[in-house]
Structures are given as structure tokens and as C-alpha cells.
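Colleague: Dropping a structure here in C-alpha cells format, bear with me for questions.
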Amino acid sequence: MSDPAAQALQPRLHQAQSGGTAGSNAAAVGSGSGNSDPVRPGLSQQQRASQKKAQVRAFPRAKKLEKLGVFSACKASDTCKCNGWKNPQPPTATRSMDLQQQAASLSESCRSCGHALAAHVSHLENVSEEEINRLLGMVVDVENLFMSVHKEEDTDTKQVYFYLFKLLRKCILQMSQPIVEGSLGSPPFQKPNIEQGVLNFVQYKFSHLAPRERQTMFELSKMFLLCLNYWKLETPTQFRQRSQKDDGTAYKVDYTRWLCYCHVPQSNDSLPRYETTQVFGRSLLKSIFTVTRRQLLEKFRVEKDKLLPEKRTLILTHFPKFLSMLEEEIYGDNSPIWEADFTMPASEGGQLVISPAAVSGSPSFSKGMNSGSSLGSLGLDSGVAEPMTGEKRKLPEVLTLEDAKRIRVMGDIPMELVNEVMMTITDPAAMLGPETSLLSANAARDETARLEERRGIIEFHVIGNSLSQKSNKKILMWLVGLQNVFSHQLPRMPKEYITRLVFDPKHKTLALIKDGRVIGGICFRMFPTQGFTEIVFCAVTSNDENTEIIYLGKLDLMGYGTHLMNHLKEYHIKHSILYFLTYADEYAIGYFKKQGFSKDIKVTKSRYLGYIKDYEGATLMECELNPRIPYTELSHIIKRQKEIIKKLIERKQSQIRKVYPGLTCFKEGVRQIPVESIPGIRESGWKPSAKEKTESHNNCVVVFLSQTHPDAWPFMEPVKKTEAPDYYEIIRFPIDLKTMTERLKNRYYVTKKLFIADLQRVITNCREYNPPDSEYCKCANTLEKFFYFKLKEGGLIEK
């Protein structure tokens, strides 16, 4: 460059290439390398830039003018074209110039034009210190961008860096505010933005959940938005290589906007900065979601040890599923979350009201933005976060009905164990590929249809005829296709009747579209005032490789019928209608039973009489919807639950296979024992009843009191051979209070009979070995009375 300012920056560039601090800082602006935070590629650059600016702003006034003179045009005469003062004695290193070199005198001549430094900074004579510091901040940013231009290898990125370099350079000369000009436009670039769309998604998909579960989904959305705001996007060249069908023109524009308004300003705060998720919308998200999702999940998987333990399961298990569901709404043609007037009807359990302000202002969210260098320090709360403004704070003791029920259930599997099992059956790396094998014998009935929808092979649209609006040609073609499907699959139904209902404006049809043509649908009529919907026609046909698939009581090989009904259920839950009624003929009863329909009608006859059509020879069936169930994902959830249970059973079986020592009680004269006393039974999951627990407690009390009795001294410990050499020859089954205490600790006494037998043996052994008038027998007689008194008192024997 011929620019004196650029020539003055050459020592900095050489230092950067040799590994200097300033060089690594500038390189980080372009490449995102050298940072300490794997989620926030701009954090360390921003810190280094802030430190550098603080140093420069602490310079004396004379040294500040010298630094600004490098970027200031000479004003000695109108004929002088010098646009930056050059030190006649340039320092050999940047650090010595900034920190050790004495400030140049204002009379010092410029090495380029020969005029004094004062001629270059005369316009700064009466400028305030605040404005001087602002200009110095731009100087530091210019230095960083200068080195980024030289170090960046991508052509598109290099051009943007050079444009921003020249923009800030011009603003220093003109003492103006930097404004990005040209055809890029001004933020925001699309509405609704990504942040609003994601929050709409949370309400759309999870508003039916319990408050704690909804809050968890909200926290996951905040984490995703946080990562997206600090994620480094792929270059246009990389995008074109990955998306060969797209020439990348639109993405290049968005990428340039992202660099100018979001990425570069993270570490160059002279430029106005915007959050990626607040200025971009669905278009950019469509371009980057697939690759960003893969990179994000891989980073979490590789760095899972850095995650906080309480967040690990949430991030590795629930976050991938959250992203999969979000992906459907990003690429789905009929997703409502991107509509400008998106609203959710109020549900019975209330809604979690969230807004962009709640995201950016959330304490835990801010904490995540200012946390340390590991993934585990993300501000993600898996529980219930602090209430937002205007929301009544509930006492922590207050539990939901579901929580109360869960607490009362005996033998629940600990969540820690379930989470551990989930880790074994859910490999985050595997999630990036196909979710399941379509040939698996355990695949859900609608698995094929569900995956085809995700891949865009099939689509679902709720359509209907309208007499008040202009006819849509595509909708009309679909309605004709539906009339043909229903007529073909329901030959006993008059074609005129089918046509009249399909094109009736009061009826709607959920159409199944594949390759642009209708292959099935469910025609229905909603009665909101009565709280139910009547299903009129329901049929699917598909001609793939000359194989006709009809499901009304016959075949549903592809799962289209099941998935179609599940979509209809979710559509009605969204519209607060929770009952289906239909008349099913003998061929359709089997299908409707599989979809949750029953002949037991709960809707009162007065609600539907006169509203629905009566069919001769058909059976009235009803289906009650549960607003808490995500029907389109239900089979996948149940499959996952089965996998969890299977793993838990395998774990329990592996523990049961442990070999325990044999029983020794039979050698001691015991004839029979209960099954519960077999070693390993408790470990396999058996738990004593409340009565047995009480008996065990009473046993402990009896033994403890016996040991404190004044006549218990002969029976406290096993008899020593030194005191009675022939004792163990006469007594075959010795017992004492110390041994009984150990047996209590080891849960030997699984029944009261075993316990009483040992107590009685203490007395019997004493009488068998000692004379009746001996002191030992007298103690035994006294202790025996005490034993039975306490046994009766504790309820172990009848009084």
C-alpha cells in the first residue's frame, strides 16, 4: 500500500507474522482462532482489543496526537497530498513505539512530506478528550483489520476486511461515525428474525407441557440462540462447495452483512454491532442450520467433559432432539412460526410467555455470555428459572400435580439412572445420520412416513374451498385430487356426495402430498361450539412400483395413515378441540382402533345429535385427544422408552447374575426360610413391606435392650474355648447377642421367626451346657422373661 498509515503498520504486520500479541489478535478477527472459548469465537479477541484500547487511551496527550497523526492528512498547504504523518525515526517494534518510546515533538518533520506533526493534527487542537479516545479506538481497530487483511486467505472475507479497514480509515480522517454504505441495506434484514422464530417454535411445540418442562425447552432455545450469535459462519466458497444446487449469491450477501454488522464488530467495537439472531431471519437460518447443527453437536460431544455435570445430560440428550424438531419447522413449507402475526391459543395449563426481551435480559442468559472458557459454563438452567417481569413468583414448596404424583410412587427409577441409560442408547455422533433403520423389525408404524416428511418427500396441508376469496389453482387441483382418492378408495360412497363435501367451504381436508400430487387425506368438519370434530372421509393410496397401498382396514405399510391422523390430532389440539367423532364401516374399525378411537362414546349425545351425519351400517367411534402428547413424535418417544426399559432390564439382569454365597442357616437347624431371605433377592429389586420394616426395627430394639440388661453379661459375646474347652463339642449351634447384632446389620432376619429362634437358642444353649442351679442358668431364666416381655411389647408375638 502507498498509504503512509499502512506503511506505518508494517512493523506490526511483521510482529504478527512472528507470533506477536497484536498479530494473533488480528488473525483472530478473521479466522476465529486463538480464542479461549469454544462457543464464543469472538470473546478473547474482544478482551485483547479492549486491553489494547485501554493502554492507548492512557497515553499522554502528546503521544495520543502522535498516534492519530499517522492517520491524519497534512494541512500545511492545499498542495500537500500527504494523508498521514510518518515518523522520521520509526521504532523497530510496535511494543517499543507504544509503551517505551517517548512522544514525538509537534515540530518533528514528516518523513513523507517534510511538514511538522503539528500540521497533521492541527484539527485536533480543540477536540475533547472523549472524542480523542473515540478516534484512538478506531485506530486500534484499523490496525487489527490491517493485519486481518494480510492474514486472511478467503477472498470474499478479505475483501470485506479491506472495505471495513478503508471505512474506519476514512472516519478517522473525517472524524465521523462509521456507516456501512452500499447495497447491503440496514438491519434488520428479515422479519420475523431468528430469535422471534425460535421463541415462537418453543410456544408452538411445547406450550402444552408442564411449567418446568416448558422452562427447560425455553432454556434450550436460549442456549441455541447464544451459540448462534457467537458462531463463525462458513465462507461463501465453502457454502458453494457444500450446496452445489445453490449458486450462493443470496448467501454471499448475508455473509457480507454478517461480517460487517455482527462478526467483525465483536472485537472491533468502533463499528456498530448487532446480534445475528436479531437482524437475520429464516433465510440465513435455512442456509446455515444443517452445518451449524452438525458442528455444534460434534463440539458438545468432543468437549462433553467440560460440561457441568447437571447440564451434561440435558445438552447431550435433549438438545439434539430439540434441534431436530426445530429443523422441521425451519425447512417445512407450512410452518406457522415464521408468520408475522403468529399467536398461540391459551391452553388449560397456561402458557410460558416469552419474548426476545426475556431472552436478552434473562439473568442466566447473561451469565452464559460472560462465563468462562468451557462449554460447561453456558448459562443453561435445567430447572425452573427466575420468573420474568410481571410473572408472579411461586413458592418453591408448591409442586405441580405431576410432581406430587411422582413423589408418591414407590420404586420409581432414579432420573440419574435413566439419564445414564439415555447416554448409552443415544450417541450424539449417530444422531447426525439416519435416525433409524427402516428395515428394523422394531421400527414404529409411522417411522417411514415421519422420516419422509423430515426429508421433504411428503407434505401435509390443511386446505379447503372458499367462496369469499379468489380461488387458488393449486388448492383446487389438490381438492380434485382428494375427490379422486376418496372416490377410488370408498367405492360404496356416491361420488356426488364425496364431491359436495370435499368442496363444501364448511369442510376442511388434511391433504397428504407426495411429489406434488395428492396421495391421501382426511376430510373433516369442525364444530368449535360443540367441542368436537367429525371425520367424514379418510383414505390413502400410493402407487409406487405398481404396489397399491390402501389402509382403511387393510394395509398401511408406509405408515401414511397413522402419520396423517397424528397430524390431524396436533392440528386440533392447536385449535383447542379435543374430541373426534366418526362413523366407521366394518373395514375401517381396525384402523381407527389403532389410532386411539373407541366405541365407548364420552361426548354426550345432546352435543352431537343433529350435527353429524348418520351412516347406515356404520359404527360411531370417538377419540379423545390429550393436549400433553406430541402425537407426530409419539411413536418415536415410545420406541425410545422401550429402549430405556430394555437397557434397565439388561443392567438388572447383569446384577442378578452375580454369584452369592450359599445359605448356612440350614446347618444351624432351621428347616425352612422365606424366599425373601435368599441372598441377592433385595439387590434384584425386592423391597420389604412396611410391616416387615417395623418388625426389623423392633428386632433391633429387643437386641439393644437385651444387651443393656444386667443379667445379659454371660451372653454378650461368643464363648471362649479357653474358658470352656468342650463347649463347641456339646453345643452344635452356638449363638450370642453380638452375633445377633451382626446378623441384624446384615439383614439376616428377614422374618420374625428367625429372630425369635436365635433369641430362644441363646437360652437353650445355656441350659444345655450349664447345671440348672448355676449362676448362668439363673441369668438365662431372667433374660428369657425379659425377652418375651419385649417381644410382646414390640408386637412380634401375640400378647
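Counting starts with 1 at the first residue shown.
Placement of Cβ uses the backbone N, Cα and C atoms for every residue, glycine included.
According to TrEMBL, the record shows the following:
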type	residues	note
REGION	1-57	region 'Disordered'
COMPBIAS	15-36	compositional bias 'Low complexity'
DOMAIN	462-626	domain 'N-acetyltransferase'
ACT_SITE	Glu534	active site, proton donor/acceptor
DOMAIN	707-777	domain 'Bromo'
Colleague: Below 8 Å Cβ to Cβ and six or more residues apart, same chain only. Which residues does that give for the residue listed as 'active site, proton donor/acceptor'?
Modeller: Phe524, Arg525, Phe527, Phe580, Leu581, Thr582, Tyr608, Tyr611, Ile612, Lys613
Colleague: Grab the pLDDT values for the domain 'Bromo' (707-777) and give me their mean, rounded.
Modeller: 88
Colleague: For the domain 'Bromo' (707-777), give the DSSP counts of helix residues, strand residues and coil residues.
Modeller: 42 helix, 0 strand, 29 coil
